[in-house]
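A short write-up of the structure that comes next.
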Amino acid sequence: MEGKLQLHSLLTLMAQGWKLPGARWPVAEAEPEDGPLRPPPQEMESIFAASEEGERRGRWALLALAPFPVELQPLRLQVAQPGAAPRDLKRRRLPWPVVWSCSGCFCIFHMPCIQKWAKDSQFLVSSPLTDDDFGKRDYPWPCPKCRFEYKRSDTPSRYYCYCGKVEDPPLDPWLVPHSCGQVCERDFKPPCGHKCLLLCHPGELYIIFLIVCGKTLPCGNHTCEQVCHVGACGECPRSGKRFCPCQKSKFSLPCTEDVPTCGDSCDKVLECGIHRCSQRCHRGPCETCRQEVEKHCRCGKHTKRMPCHKPYLCETKCVKMRDCQKHQCRRKCCPGNCPPCDQNCGRTLGCRNHKCPSVCHRGSCYPCPETVDVKCNCGNTKVTVPCGRERTTRPPKCKEQCSRPPTCHHTSQEKHRCHFGSCPPCHQACRKVLEKCGHLCPVPCHDQALIKQTGRHQPSGPWEQPSEPAFIQTALPCPPCQVPIPMECLGKHEVSPLPCHTVGPYSCRRVCGRTLDCQNHTCMKECHKVTEIDSCTDKNKAGPECLQCEEGCSKSRPPGCPHPCVLPCHPGECPPCVQMLRVKCHCKITSLYVECRKITRADVNEKNLLSCCKNQCPKEVRFNRNFYLPCGHRCKEMCHPGECPFNCNQKVKLRCPCKRIKKELQCNKVRENQISIECDITCKEMKRKASEIKEAEAKAALEEEKRRQQAELEAFENRLKGRRKKNRKRDEVAVELTLWQKYKYYLFPVCAVLVLVFAWYIAHGVD
């Protein structure tokens, strides 16, 4: 119970920002972004050290609080002790990482990394020097983060815990990593003469608890009663002038003598904070205030006249909810600061088996600390799991053999491991003797086969849910014997192994294949029984059960004969074909009818004679729907195969290049370029005159083109001059006109009218 109360106290401290009364934590310049500063895990561990249960729960809480900020929990690994034998870390193989922390900034590095850093730093510093200076000076190496310098001898080579007592500290999940678990016993910083009493921990050493200094003062009679501090303790507080108990008179006395009373009234404020003490100067506390005053109760709801020193508590019970938000305060005359709930939680834990024994609290309860053993079916193998996990944890796999008796006709079952539920089906061979053939049943055991139950209730409509199929366990009879027995088919084509229960005459499903009487075809019936004749020696001959050939003759015909044989399927050669065959002549115009046997038996010359129509050949290139030779004339030969001969003797006209001279010559000589006609002097003179006429016409056309271009150029220049005159008028400055120039065209008519009016007036006035 004590451990549970201490754990609850820790959670309360967490909610208040980790500020414990009477303790001083390392203070940073600014609060970190992730929340208020928290104490190191070693101080929290000391809170739970009151009992074994509290220590166990406290360690769980410490694991839940990790990791802390690096600045608040720097790990420290001391280097090799002076005089210790060197040892290479590479020869050790620890299952956890080996670290080293800087004594200046307490930043953590892996041991191989910092060793390589120190070696590289020393090499870079000493590289600019000469070979004579190399190795003679002790070059320092800095910390990678804070640049704090270390000597070459300070290069870490051994792995120690934080306090430096244990080398290669073992891994313990209940301790801070790289800690030995012993008392630290290192000097505080700043040094005060005391040693750290916490367990081995990382980081700087700070004065955490209020430890009294206890040093002897200069007077030699008293000790320092201040909290452990830095520097001198100062003079004895009882030396020099001291006040009397009422603080009204001063006396100069040695520090070993007490100050006497002055005889004046005490006049100190009493505990009530309102009235003053009426006694004479005295030592010790003042008496209680006995004056009667009108006092308010603590909750402020009632008033009553009573002695000043007595507290007034009314009988009104507080109805506010406590911090658990489940129970009311119910404290009499509560001022509003309701105390934490002191009732038991009593809620069912997550395991659903136990209830929370802690004090009533907010939030979820701690996991159930109990454990449960989950066993296999035989109970020889078990695994321990937290309470509540036994419902979801699979039973452990047991390596023991199942000891249940067999449920089939075998004397022993197959070996298998321990399991829950029914044993697996027996896979041994049945080995029962079959009644019909006497063979042994080779199939797996079928004494307990699962059979789907039939004849169950069928749903009356789609609104009814179909029931799941039900299976019953029953023994099945042995299947038919499958031992292979060799057996020949009905047509004696093959010998195949048949299952024992199907032995008997059978058809192999092949075609019969026996030769029919026509000696050309075979029986196409499926394998069937054939009655053999004793006098027949050929076993492949068809019997009376085979088919009769009803097809026509399918023998191959002579080359070139397209007619089938007129006889039904028969043995021997077919008779000659006497049908007439229609063929085209060589010129492809006339159709000839010849007996088929003449064509098939004739050679090449005879076939050419049979295909000749005795008419003139019209083959080769066609012009104007007539047949001509390549020269344009018709072939003079009789109907013949192949190409026509090129010995054309027909007369053709041949002209000179200027087409003036012409002559008639034979066609074959002209095609062979044996004769040609050249132009004479007259032709050349006519050609010269024609060329002169063409040159004169070209020269006249060129002159005409030049005149036309000159006319276009003059017209363009005239148009360009007209545009320049218009632009010049636009550029002239406008001269301002006088009044006479503006209105002279209006004044002339007006003056004329006035003159006429005046004349008319004179004329009529004279009359």
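From the backbone N, Cα and C atoms, a Cβ is placed for every residue, glycine too.
Database features, via TrEMBL:
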- 192-217: domain 'NF-X1-type' (DOMAIN)
- 219-238: domain 'NF-X1-type' (DOMAIN)
- 272-291: domain 'NF-X1-type' (DOMAIN)
- 299-320: domain 'NF-X1-type' (DOMAIN)
- 324-343: domain 'NF-X1-type' (DOMAIN)
- 351-370: domain 'NF-X1-type' (DOMAIN)
- 408-428: domain 'NF-X1-type' (DOMAIN)
- 518-548: domain 'NF-X1-type' (DOMAIN)
- 561-579: domain 'NF-X1-type' (DOMAIN)
- 631-650: domain 'NF-X1-type' (DOMAIN)
- 686-726: coiled coil (COILED)
- 745-763: transmembrane segment (TRANSMEM)
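Counting only same-chain residues 6+ beyond the ends of the domain 'NF-X1-type' (272-291), those with a CB under 8 A from a CB of the stretch are 244-246, 248, 261-266, 307-309.
Within its own chain, the coiled coil (686-726) has Cβ neighbours under 8 Å at 658, 660, 679, counting only residues six or more beyond its boundaries. Restricting the average to the domain 'NF-X1-type' (219-238) gives a pLDDT of 82.
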